Amino acid sequence: MSSRKELANAIRALSMDAVQKAKSGHPGAPMGMADIAEVLWRDFLKHNPQNPSWADRDRFVLSNGHGSMLIYSLLHLTGYDLPMEELKNFRQLHSKTPGHPEVGYTAGVETTTGPLGQGIANAVGMAIAEKTLAAQFNRPGHDIVDHYTYAFMGDGCMMEGISHEVCSLAGTLKLGKLIAFYDDNGISIDGHVEGWFTDDTAMRFEAYGWHVIRDIDGHDAASIKRAVEEARAVTDKPSLLMCKTIIGFGSPNKAGTHDSHGAPLGDAEIALTREQLGWKYAPFEIPSEIYAQWDAKEAGQAKESAWNEKFAAYAKAYPQEAAEFTRRMKGEMPSDFDAKAKEFIAKLQANPAKIASRKASQNAIEAFGPLLPEFLGGSADLAPSNLTLWSGSKAINEDAAGNYIHYGVREFGMTAIANGISLHGGFLPYTSTFLMFVEYARNAVRMAALMKQRQVMVYTHDSIGLGEDGPTHQPVEQVASLRVTPNMSTWRPCDQVESAVAWKYGVERQDGPTALILSRQNLAQQERTEEQLANIARGGYVLKDCAGQPELIFIATGSEVELAVAAYEKLTAEGVKARVVSMPSTDAFDKQDAAYRESVLPKAVTARVAVEAGIADYWYKYVGLNGAIVGMTTFGESAPAELLFEEFGFTVDNVVAKAKELL
């Protein structure tokens, strides 16, 4: 039987060989953390390589995602669908082993990591999901939700601001089943970290309310095992295991230096490392007895089978809850949602109201909340402004089975935590802040889109229309930056009806996040036929029209739709054949078939005016170089909103004048 050290050395060998073959990558972290990974994965981790999506598996997150060969080695050795050929194709086009781990590409990878600090944030989200789901579904004698979230993190994660945001919240929420391993090797890309990172990390985490285990020898299996047992015994606090490790462990000339961090060791050094580790096998060769000891297929299947029996007993005792749990873990919509949502939208159209779209959003949450027990909402300390609370909201810090998170002023942390909640399954998270502060959350927003995760992002106070707070709080370029993010769906509704349609779209969307861009100020409701009402979901539609072919088309979104309608009415009265297109979602519109797009924006009509209180440049793709744009080209100013709209040209007279220049 191979020793624990030999089992860990299998990870080291695969990691240095794959990085060498790829001619790029990060061998240092996998080599340094191999002993920790061996103990966690072989002695503690509850998982089934034959079913990577088993609901009650433990979640493992590699927050220091550059060390991706660590997780690929573990998945390969324990029996996941990751053959040796894929390890040989590390970092190559269309392989299952991309440079940083990507969820959806590789069976067993729980989240996409690489931007440092976001993995631990996702892990906090997963731990919140586990704790909340357990409170919602477990019953006396039936613990069907009972698993841990384990995260590996390095010095880079610790330095990133997001780790401060999310680890602080994790302590406050007492996430006892979150266990993080700190790879304390003292090295980052620039060299030894003493020059730029001298925090007392243990005291920092104790101040957050974590259980901290100091001075673990990260290369001694017995010490690591004792620490994990201690952490699992602490149920009311997350645990940080501070593991002293040597980066590039086993490399005679590069261990303990930044040379092993982000580059292949080189053939000569790899040969010396094999010698030092006593690893007698050729590159990519693993002896059968080491495979046999690593193989987790049988044990994993046994664990899942035992859980299946538990779940069958639960289903017998609580059939309704079991059916609901299954539906939610599959991410399926309730069967009656579509019909009830359409009924709500039709009722709104029949009962006009002049309200802010942020208020319309709250009304939609109020209507959809009772239909969607999977909602897990939250705001970055702006609930009274974002209007994200509804009558059924219960904060999880007050009621463990609740459905609302007070994130505090942590926009980046909030968004990345919500990604983790979404990845875990069983919930549909929505988050909120002022649109301006999407800037703080930006990379987690991008990661949601990249990972195709469901999340409804509620962004209010969407333009100069917020008024007196001034340019620090007035978004200009933010909507455009969301629109150009691949796989992000962005909606800027013009009234309560479009707001509800946008919410329905975001809730039903299965393959990515949806951003709702909402006003502070009240917006007039537009009249619509049944056909126009149905066409809102297509992203853009004809709201006002003329007989026959128009000479001129206005395209507008959000608060500027009523301005475009007023300009249209003025020109129509003067005998101009004009049309107004409301375009709440450019991405939804762009997905429509060519015939529909042509029916809304005929190519023959080149006189087009886009009106939006956001950055002007975005609209050239719709108005062409011969069109006109009434938009923002500078930052805003501090003044009452109505004066600002006048100052920046958002008036009927100016819009009409721009239109006439094209005729």
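Backbone N, Cα and C atoms are what each Cβ position is placed from, and that goes for glycine too.
If you look up Swiss-Prot, you'll see E411 marked as active site, proton donor, on the strength of a curator's inference. DSSP gives E411 (active site, proton donor) a helix state. A sphere of 10 angstroms centred on the C-beta of E411 (active site, proton donor) encloses 28 other C-beta atoms.
The feature substrate binding site is assigned by Swiss-Prot to H26, H261, R358, S385, H461, D469, H473, R520. Under DSSP, D469 (substrate binding site) is assigned to coil, being neither helix nor strand in the three-state scheme.
Within the same chain, residues at least six positions away from H261 (substrate binding site) with a Cβ under 8 Å of its Cβ are H26, G28, A29, I187, S188, I189, I247, G248. Residues or ranges marked as thiamine diphosphate binding site in Swiss-Prot (evidence: experimental evidence): H66, G114, P115, L116, G156, N185, H261, F437.
All protein chains considered, the CB of I187 (Mg(2+) binding site) has 25 other CB atoms within 10 Å. Residues or ranges marked as Mg(2+) binding site in Swiss-Prot (evidence: a curator's inference): D155, N185, I187.
According to DSSP, K46 (N6-acetyllysine) sits in a coil region rather than a helix or strand. Residues or ranges marked as N6-acetyllysine by Swiss-Prot on the basis of experimental evidence: K46.
Swiss-Prot lists H26 (among others) with the feature site 'Important for catalytic activity'. Annotation note: H26 (substrate binding site) sits in a coil segment as assigned by DSSP.
Residues annotated as site 'Important for catalytic activity' in Swiss-Prot: H261 (among others). According to DSSP, H261 (substrate binding site) sits in a coil region rather than a helix or strand.
In sequence order, G32, G154, D183, D184, G186, S188, V193, T245, I247, H261 are the residues of the same chain, not among D155, N185, I187, whose CB sits within 8 A of the CB centroid for the Mg(2+) site.
Sequence-distant contacts of L116 (thiamine diphosphate binding site), defined by Cβ-Cβ distance under 8 angstroms and a gap of at least six in the same chain, are S63, N64, G65, G154, G156, C157, M159, E160. Taking each Cβ in turn and tallying the other Cβ atoms within 10 Å, the top scorer among the binding-site residues N185, S385 is N185.
Listed in sequence order, the residues of the same chain lying 6 or more apart from F437 (thiamine diphosphate binding site) and placing their CB within less than 8 Å of its CB are A380, E411. Sequence-distant contacts of K46 (N6-acetyllysine), defined as residues of its own chain at least six apart whose C-beta falls under 8 angstroms from its C-beta, comprise D56, R57, D58, H147, Y148, K303.
Of all the binding-site residues in the record (H66, G114, P115, D155, N185), the one with the smallest CA separation from R520 (substrate binding site) is P115.
Listed in sequence order, G65, N443, M447 are the same-chain residues six or more apart from P115 (thiamine diphosphate binding site) with CB atoms under 8 A from its CB. Proximity note: of the listed binding-site residues (H66, N185, R358, S385, H461, D469), N185 have a CA within 10 Å of the CA of D155 (Mg(2+) binding site), given in sequence order. Of H66, G114, N185, all annotated as binding-site residues, the residue with the shortest Cα distance to H461 (substrate binding site) is G114.
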